[in-house]
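Worksheet: one structure, shown below.
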């Protein structure tokens, strides 16, 4: 079965195939092979982009979408995630896309349930579909990754986006730079080099900003102090390369990690990332569903969980 737990679980060839498929779908390729199949979305963490992006992707594929309120499920009664997935498998759901607040939650599922598991974000761990949409956005801009310099700024320590992107970008031939407060640094991440914010911005083809995850911090820095010291200000943006682009996984804290006027500037690709997310998730769902059919005959459904 083709689970999607981390970016490292995908080969370079598989990554490029997913980008190619997502690009074709964005250009209007019709895909009705999943029409009528059931997909269930279950979210245990607040989500706007991931949740609704998956729902739009599913509906574009012609699927029947079941959106479940996490507060009304038996998880609130103490049911394990494993038993929840097995229950859904038993009633005809054939794949799961899961977000859970626990790091590497998928280890209790992969190889133990009979349907593919797609990770939509695990704690401070990984966020592979976000990484894929970021890669698609970069690929659209530059036609590849080899030789590019991508700087990732902000809360590296708590960011599953940083963790996923740093690994895969390094593997695809890009140079990864990190920048941010010392308390946000992740010394366990071997895929980037820490440099001072101004130097990182000057060197970068892609300036990727991260949200401060206030919910994971006990001490908070003032918004204006953070922007002036570590964020992308108007003055810093003037030192970007002419063709450099600005990216952010969102939600964006305007005036904190990025000056408000830059969010929708000429160099920003923030909303294009969101657009690309729909097509990437269509490609991911199609891949999981089709590859699952290699192991299980008959019609199948897809289940999306976010915890």
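Even glycines carry a Cβ here, placed using N, Cα and C.
For the carbamoyl phosphate site that Swiss-Prot gives as 49, 50, 127, 130, 250, 251, the extra residue drawn from 99, 269, 287 is 99.
Nearest by CA distance to residue 251 (carbamoyl phosphate binding site), out of the binding-site residues 77, 160, 211, is 211. Cβ-based crowding with a 10 Å cutoff singles out 130 as the top-ranked of the binding-site residues 130, 250, 251. The Cβ neighbour count for residue 160 (L-aspartate binding site), using a 10 Å radius over every protein chain in view, is 23. Most buried of the binding-site residues 49, 77, 99, 211, judged by other Cβ atoms within 10 Å, is 99.
Cβ proximity to the carbamoyl phosphate site centre (mean Cβ of 49, 50, 99, 127, 130, 250, 251, cutoff 8 Å) flags the following additional same-chain residues: 47, 48, 53, 121, 161, 249.
Residues 49, 50, 99, 127, 130, 250, 251, recorded as binding carbamoyl phosphate, reach a greatest CA to CA spacing of 17 Å.
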